[in-house]
Amino acid sequence: MLILIVVHLWSLYVILPTSVVGQQQLPSHTFDITIGGVFTDRDEGTDIQSMESIFKYAIFHYNRLAKDAYNLSFKIRLQEETLSLIAANSAVQTVQDVCSLVHQRRVQGIFGPPYSELATLVHSICYHVDIPFINVCSSCYDVESLDEDIDNDNEHMRRRDRMSINLYPSNQDLNIAFHNLTHKLRWQKFLIIYDMDSGLTRLQKLLNDPGINQTDILVRQFTHYKDRSVLIDAIGRDIFNIILDLNDINTRTILKMALQMGMINSNYHFLLTTLNIDTYDLEDFKYNFVNLTSFRLFNRHHSRVQMAMDSFFTFKTMSNNEINRRLFTTSAALWTDAILAFAYAYDKLIASRLTLGSEIARPNVSCTDERSWPLGIELHSKFNEISFDGITGKVKFTSNGERTGFDLEIVHLSETGLANIGVWSRERGANFTLAPSSRSGLFNSTLIVTTIVEAPYVMFKNSQNLSEVLSRNYTNNEFEGFCVDLLDELSRALKFRYKIKPIATGRYDDMVEEVKNKVADLAVAPLTINYAREKQIDFTKPFLSLGIAILFKLPKPEKPGLFSFLSPLSLEIWIYTFAAVFTVSFILLLIARCSPDEWRNPYPCDTEYDYLENRFTVSNTLWFSIGTLMQQGSDVSPSAISTRLVSGIWWFFTLILISSYTANLAAFLTVEKLVNPIESAEDLAKQSKIKYGVVNGGSTEQFFRESSIPTYQTMWKYMKNNPDIFVKKNQDGIDRVKAESYAFLMESTSIEYTVQRECNLTQIGGLLDNKGYGIGLPEGSPYRERFSEIILDLQEKGIIQKSYNKWWKGKGTCSSEKKDSKANPLGVTNVGGIFVVLLGGVLLSLFVAILEFLWHARKNHANRRHSIWWELLKELRFSIQCGASNRKALITRRCSQCIHDQPEAEPVAIPNQHRHPSCSHRSSSASMNFTSTLQPPLRHRTTIERTSDLDKFDTLLMLAAERTSRLDSRNKQQQQHHHSPTSSQKRAVPLLIIEQQTSNHVPRIRASHKRFTKSAESSARSSLRIPHHEDDNVSRNSTDASSGSVSSTNLRLPLRVSRL
């Protein structure tokens, strides 16, 4: 049965008194527009009256809000006309009635029917007369298929073929949407149930996906409402993901069948291709925690949708039609947007025609002639220009009349109803804002957890036998361990209960099979995430990171060697240290010979000694350096600034070096050096004495079997050729390591737990790989993302690390501090800086020595015959001469100032205070003292004395003068009484004798103690004349002594006193 609805749209008026198109102001016009609607009782499983009411409502909604809400230039009002009934099974009668509608009613647009076979007939008529055909059809024909009978070279004919407009999302877009969604859900094995052949066009991209094994895709057609075989096939093949590509009536039927067959639970996931899921009554499903996902075009909570629903209820009251709330389906929303799209397109047509000054003529066409509506193609082209936000989102069309630019909401069933968990778009694909499991379908549910009894992950609180526990009823309270604590945290966060079910065989593969076959909901154990297992089940984010390592016996300590005292320093440091000793000794020797302050009189009491000595000889300098290095010191001490600087730097160097050596020596004495026969996996692969193996059938075995690294390939070849080295479980491998020469390869976390309790075992080398333990779930489980979120949250809060410390380190019997098996000798990187400091100090001391040498040379320079540079070169040659003596004679220089101020005379001794005031030789540091000569051509002899010695000499002169005066007085008294001296009157008096040595023209004063006779005493008195202090020039009379005569002269230089 087909109903033909003729809707007369009248009072079409243009409100353009102020609108301007181009440069022309348009006057107001009123137009009558007629559109027709064609519907059938086979449309989407609904009745004729419902579809008729939806269409009328769409026009009512537009008429009510067009002027205010959509800002168009005209408004459509509904005027009902005679309805014609057409038999749906009579194609000829259908064509005749539609042609009558076009010719007699002169419609300007035809809407519907949303059924593919009838829509093909209606579209062919519209194509012939050039009247736009607007439809909302999910199973209609592919528009491109009509091009087969059209001449592609005729552009006009190709444009006429585009007379169809479809508001329903295209099959091409739905293909991409469902493919993106299943890929996001990580479906690899699923069942597709369809009812019409055209329905599979929405899933072609999914069926042809090269990434999915086609043998894992089961396709069945639903032909009868009592046909349960399609669901029985899914149960028999262990398929838990089902796609329902059915109309609304058949979709509800299948869901009820699944509920009756016990398939509505958390293990199954249904994906619906319908966009009308909002109209379904899902009360019986949402409390069974079923996973039900679908798309929808609009959200009922949006403001535009709320406005449309208000009009819907107003229309219901006015028309007395029995329209319930759930009748506002996606079709109703699409028909509303279809009316709006036609209005927008016609508005653009009016504006363009009035701008050209042309009228809009109503169609006057017939199916029996070749005439067509001249404005039909132009009106159809206006649909390509419009774009607006409708109830179903963005409304926009391609050139062939298909809708584009829309978004689809991803909805998932929760306890409170359908929840929006994401959105799909052509540009971005499917994106989840919430995981499908976020609906908290785990609430109050009981999950079966498969695991393996292995310390410290899952253990019995009391020592019990696994087979005994499995043979009776047991509770979760009998278990403890790291995984049990993790399950408690997850259950508190997600509000679910769990039941622990240990694997009797203890094999990881059996645990994976139970999860894969949906016997268990979760696998919580030390289950390694790898590619092979990812193909069978899903994994959460890793809750522990680890790698493969080697478990072996703790090696025995090695006895220290005879020369182990050399170990604290590396060989290069020893070499550098000995080089530093000789280098510093040489530099110190060089600086000491160049520095004037280091040349001193070796006999300070003997003022007549003619040589200066330097204590820094080659042997003494080397002894000084070695003594300082050994922290013992030396009897040789530096005096100059430069030598003291280099000595201080050397002391600092030895302080740091000896301290570092002592500290590291203590470490070498306390650390036991362990001798490991193997240090890494490479060592293990190269030898044959030590056996090694893995757990049979575990992830470690798979790692070696599939590895492409040559070392691991060699190890796998050895293990494969020796089957006896495989063990059934980790504990067997640990027992074998303790009993024999055997290395066991296992996860690093298990090794760390073992070495905390087996003190004679240790881990060898580092990790061979990096991986993690994860929770296993059935493939496509909606809970995976939610579990991963909770695991990440527990890691951030430190709860997992706290539990790890509790079970790994909290109950260990061995020391948690790992003893170093080897102390490292100090190298350049450790103490290299002190060598740099030493080098800098030596360079600085050389610079100071140069300045010191120049300063003393310039200060004591008096000979104008040679330049200061000549004398510097002379001194430098002596200082650096190889094999030179540590003694040198006194240096003779001319004191020109003293010579020019004195006449030629024999030298006599004078007090220090009566010398020439400008002569500064007396106060020079490490004084180079000069004496005057008898004549200018003759040189003076220079002696080096300290200033304090000269002061003592002046005092001695004064005392000698007083003594001589007293003796003179006494002699005069004796002469007056005419007494002659006797032997008893002979006294020991100090006598200062001034001699002149003619050989070198150097005057000398000699002090001696003699017993004189009276005549000799008188002769001594006459030989020494003490001048007055106020006189600048002191005259001394020559007297004849036993040694010769001494002539008087003026002396302004300090004289030297020697004791006999």
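Numbering starts at 1 and runs along the chain as displayed.
Using the three backbone atoms N, Cα and C, a Cβ is placed for every residue, glycine included.
Unlike curated records, TrEMBL annotations are generated automatically.
If you look up TrEMBL, you'll see 1-22 marked as signal peptide.
What TrEMBL records for 456-517 is domain 'Ionotropic glutamate receptor L-glutamate and glycine-binding'. Per DSSP, the domain 'Ionotropic glutamate receptor L-glutamate and glycine-binding' (456-517) is made up of 30 helix, 11 strand, 21 coil.
Remote same-chain residues near the transmembrane segment (573-592) are listed as 566, 598, 614, 616-618, 621-622, 624-626, 629, 638, 640, 642-643, 646-647, 650, 653, 657, 825-828, 831, 835, 838, 842, 845-846, 849, 879-880 (criterion: CB distance under 8 Å, separation of at least six residues from the stretch ends). Under the heading transmembrane segment, TrEMBL lists 573-592 (among others).
Per TrEMBL, transmembrane segment is recorded for 649-671 (among others). Cβ atoms under 8 Å from those of the transmembrane segment (649-671) belong to residues 560, 564-565, 567-569, 577, 580, 584, 588, 625, 628-629, 631, 819-823, 825-826, 830-831, 834-835, 837-838, 840-842, 844-845 of the same chain, restricted to positions at least 6 beyond its ends.
What TrEMBL lists as site 'Interaction with the cone snail toxin Con-ikot-ikot' is Arg705. Around Arg705 (site 'Interaction with the cone snail toxin Con-ikot-ikot'), taking its Cβ as the centre, 13 other Cβ atoms fall within 10 Å, counting all chains.
Reduced to three states, the DSSP call for Cys759 (disulfide bond) is coil. Look at TrEMBL and you will find Cys759-Cys814 tagged as disulfide bond.
Among residues of the same chain six or more beyond the transmembrane segment (831-855), those with a C-beta under 8 A of the stretch's C-beta atoms are 573, 576, 580, 583-584, 587, 591, 594-597, 640-643, 645-646, 648-650, 652-653, 656-657, 660, 872, 875-876. The transmembrane segment feature in TrEMBL is assigned to 831-855 (among others).
Among the features that TrEMBL reports, compositional bias 'Basic residues' is placed at 1003-1013.
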Least surrounded among the disulfide-bonded residues, given as Cys759, Cys814, when other CB atoms within 10 Å are counted: Cys759
Cα-to-Cα gap, Cys814 (disulfide bond) vs Arg705 (site 'Interaction with the cone snail toxin Con-ikot-ikot'), nearest whole Å: 34
Length of the line joining the Cα atoms of Cys759 (disulfide bond) and Arg705 (site 'Interaction with the cone snail toxin Con-ikot-ikot'), in Å: 31
Whole-number mean of pLDDT values that fall within the domain 'Ionotropic glutamate receptor L-glutamate and glycine-binding' (456-517): 86
